[in-house]
Amino acid sequence: MAKAAALPVFLKSITIQGFKSFADRVKLELGHGLSVVVGPNGSGKSNVADAIRWVLGEQSAKNLRGSKMEDVIFAGSNARRPVGMAEVSLVFDNTTGIFPLDYQEVVITRRVYRDGEGQYFINRSSCRLKDIHELFMDTGAGKEGFSIIGQGRVEELLNQKSEDRRTMLEEASGITKYRMRKREALKRLDETERNLERIRDILVEIEGQLGPLEEQAAIAKEAVELTTEQKALEIEIVTHDLKEVRTRLTSSAQETEELQAAIAATVAALSQKESEILYSKVNLNQADEKIQKQQENTYAIDQSINEIIQEIRLRQEREGYLGEQISRVTTEVKDNEEKVHSSSEQLRSVEGRKSLLIKTIQESNQTLQEDEQRYAEAKAKNGLDELETLRENLALVQKELAESAAELSRVTHQFEALTVSQNQWVGEKRDKESSQATYEQEEEVILGQIKVQEDRHRASQQELEKIQRDLAQLREQNRVKQIELRQWSGELEKKSARYHALKNLEDSLEGYQRGVRELMQAKKKGVAACQQLCGTLADLLQVEEQHEVAIEVALGGGIQNIVTETEKGAKEAVHYLKTHNLGRATFLPLDVIQGGQTNVAKEVANDPGFIGLAVNLITFQEKYRKAFESQLGRIVIVSDMEAATRVARASGYRARIVTLEGDQVHPGGSLTGGSYQRKGANILGRSRELQELQQECEARRRQLRELEEKINLLNTQIQKQEEGLKALAAEEQELKSGLAVLRTHQLNLHEQIQRLKAEIADLNHRLDGMNQEGEELLRRKTRREEEQLQLKARLHEAQGALSLQEEQNQKASRELEVLQESLTQAKVQAAKWEQELKQATERIEEVQALLLENNLLLEQKRQDLMELEVGKARIVQEQREWDAQRQETAERQRQAQERLVALRQEREILSKELMEQERLAQNQRQEQQGLEQKLHNLEVRLARWDAEWETGYKRLQEEFALTWEEAQAYETERSQGGMTARVQEIKQRLESLGPVNQAAIEEFPKLQERFVFLSVQKQDLEEANDSLHDLIGELDKTMSERFQEGFTAVNEAFQVVFKELFNGGFAELRLVDPDNLLETGVEIIAQPPGKKAQLLSLLSGGERALTAIGLLFALLKVKPSPFCILDEIEASLDDANVTRFAQYVHRLANSTQFLVISHRKGTMEAADVLYGISMEESGVSKLLSVKLAEQDKDIQTA
């Protein structure tokens, strides 16, 4: 073997552990020359190539001959458990610097665990799969290059379309990295164009906003200036309008007292009526309990009747069953009588035959004696005594043989008949035993079911008693809850009536001035001019009850002031009041009203009577703060008048002071005080009472809902328990019925089993007799067969002697022969009749025995029939007794039902009485509610009259900070008409400006700045877009040039390799579309020696495979790989082509390190190192290496 030239070792070793069939750690040390891995099919040699492909980054489990990546981990065998990890390491020599790493040796490792976790390492440092791909890119040694070529790659090359075949040429041309760069550039180009389009859209949108926003900003600045001027002018404008107060309180006091007295009398009468109702409900509940008890009694009687009916039904079924048994046994008696009659007829027939045979035999014997006499005389006359003696001897033997044959036939017939009968009886016995076993199993199952049913019946009775106890408790709980429900419902009705009365007043705005009422109602109706109204101050605040009087006094008439969103909304409301002549109102526009709090509070905060500023003692939404501060921000609340005068002096009489009782100290020192009558219909008190009543009603409703839920739950539980009680009762009845059916079934089964046992015992007795008779017949048959053999031998001897004698006495007379023949036939016939007589005698004995047996069986069946009829009579008697008991219980049931009807009628009377009492009570409640409503309406009118005075007075104090006396003498220095005209001009200008965008002042410069920023970004993206287009063009040009160069080089190499592999011929590669080098497909044209040039697909299988291998070698020649793994690619070649393939690989081994996986002899012979893969242990691959060069050297030395 020629030794391969030394070359640098690139792939130094392969280490495999836990990968596929390599359960143990295996290391392949690779050296110079051609290395071949061999082994039998199924030994795991191709797993070496899979391991290398896997560690180089293969992600397809299908390409690794598996269904999922977990399949590469050793799965265990009969003797070994599965492992949890697979690991493969490749050690590469990097002294030539093929890898861009500062290491002399590079170790690539891949590891995977059963949970799916995978790891990659370069020189034991964790890395990404992408790092490994980049490391091998354009080295020719990656998983996508030509470093690993399997038979599948050859098949792929043969079956690929021309467009797909160019991929290998691209790898050989080194343009893969350019394609990746182009894909990345196209991706960046697409992203850049999307971003550019998005920025252009945004710029168009912003450009359209800049102009209008600039105008809005200018308008907003002007509006701010005008609003400031308007606010300053309106502070100086003071108007007041004090309405006349109608004092009608004195005349209404007497009416109030009369209404209160009438309400008290109605409440007393209603209380008496409710007591009567409660007593009636107790009686009704007692009636319900009696009805319930009677229902339970009736139900118990119904249950008894059902049980009696079930017992009657069971006996009817038993009677039916006994009737069926009587019919069956009667039929069997008739059958046995017929059998007895038939046997008697047979006996008479056989006896008649016997008598006839006896007479015939007697006559035959007489004739035979006469024939023998004549024959003796003839024999004496002819002197043939010796011949006659021989003939007599022959006749005697023939007679004995005939008798013996007849006897053997009879015995054989009897034995066969006995065997048939015996088989029939055995089959019948087997059927009966099978039926018995089936019945016994069924009886055992039925007994088990009976036990289960009895246990269930006991458990059902216990559960029934428990449900009855629980039901009684639930009914008592329900009765108590119903009483609570009626009491709470009454309380809720009272509070709800009070709430609705107050709510009606609230909705109708009772106590408010006419103008306020009209505006708020117009807002509810959707009038456009009133939609900016937020509500009155009373609607928008909440106050604790202890501060209610103080806040009410502090607000005075201002409690009816209306808060609006804007001044424009207030003007629209004023215009609406004027237009429709609906009165007046005071407005607090949120956009112009000024708030603020007095500093007096801080000065007097340490005073023991100081409580706080009025505005701080209420709660409201923050957006209304200015409105409330304008009304209450300068009012101090103190505990009493002493504290008020003390605080007023300390503050220099600069603030208004209000006590908790409503007394006041005004700025300047004036005092207001005395008895404060709220009249029960004040606005704040009404709001508070409404809120409290709503909360109380809601709480009571919640309690009622909870109570109703409890009652519903109790009713549901009661209903469920009643349904459970009915279901249990039905189940118990069903259990009883089922138990009775099971017991009847078990009894019937037991009787069937006993009957079958008796019949089987009888069959056993018969079979024993048959067995004995069969043994005797068998012995007789054997004796007759032996006797037949002896007689046939004697017959043969007698015939021989007679023949010899007849030859000596040929002159005997013909007459003697005739006599002899006649005598012989007579004797044979006599023997036959004797045999028939014997058979007839034996048949008579058999028929007599059968007749006796049928008579005995007939007697037994008659006895069974009598017992069944007695049992049926007993069942009929029991049926009569149960019928009588049913009639007695039915009478009890009728009486119980009559009692139940009477109790229900009594309850109906009590129920009607209760309904009448509740109707009268409801009338009294309505009367009480009517009186309370009248009283409430009167109180509302009193409150409204009082509020009208307070509102007018407070407007002087709060809106204008003036007393009544000061207002009368008030004069202004400015012209009110001029200020009003200027305010009107400002308002008209603001109206002409329209809606003002205050935010535009700040938004415009921000939007302008963003426009400039995006414009710069747009320019940058356009420049980047142009650069990417240039880059893609350069990449396309480079790839076209490199592909053309690579295609030319591979084509030339392919032509050379093809000739070397085929020892001649011609082959070439052709471009499908030469004008489109980036996408063109590649066709393979081949012309083996002696054939014409044609496409690859038209060659024979071997030629196609060798041509594909030649192309792969050409690719390796143009783009040498540091190492190459060939996995059985020569498997489809014949031996001659394998040898050429091996020789060519050996030549290529001078420039490329080869590891070939093969089982072909020619490849093995060319190897420098053989690695053997075996499977000594089932499912586990082992490795053995042999250096053939050293072996050759040792052989030559030897």
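For all residues, glycine too, the Cβ spot is worked out from N, Cα and C.
Those TrEMBL annotations? Automatic predictions, nothing curated.
The ATP binding site annotation in TrEMBL covers Pro40, Asn41, Gly42, Ser43, Gly44, Lys45, Ser46, Asn47. Spatially close to Ser43 (ATP binding site) yet at least six residues away along the chain are Ser21, Ile1173, Ser1174, Met1175, Ser1181, judged by Cβ distances under 8 angstroms.
When Cβ-Cβ distances below 8 Å are used as the criterion, the coiled coil (175-209) is approached by residues 137-138, 144, 1007, 1010-1011, 1014-1015, 1017-1018, 1021-1022, 1024-1025, 1028-1029, 1031-1032, 1035-1036, 1038-1039, 1042-1043, 1046 of the same chain, each at least six residues removed from its ends. What TrEMBL lists as coiled coil is 175-209 (among others).
Marked as coiled coil by TrEMBL: 361-407 (among others).
Positions annotated as coiled coil by TrEMBL: 450-522 (among others).
According to TrEMBL, the coiled coil annotation covers 687-850 (among others).
Here TrEMBL flags 886-948 (among others) as coiled coil.
According to TrEMBL, the feature domain 'SMC hinge' maps to 531-648.
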### Task
For each of the binding-site residues (Pro40, Gly42, Gly44), count the other CB atoms lying within 10 A of its CB, then report the residue with the highest count.
Gly44
### Protein Cβ atoms within 10 Å of Lys45 (ATP binding site), excluding its own
25
#### Entry: Residue among binding-site residues Asn41, Ser46, Asn47 with least C-beta crowding, 10 angstrom cut-off
Asn41
### Message
Other than Pro40, Asn41, Gly42, Ser43, Gly44, Lys45, Ser46, Asn47 themselves, what residues in this chain have Cβ atoms within 8 Å of the centroid of the ATP site's Cβ atoms?
### Response
Ser21, Gly39, Ile1173, Met1175, Ser1181
### Task
Could you tell me which three-state DSSP class Ser46 (ATP binding site) falls into?
helix
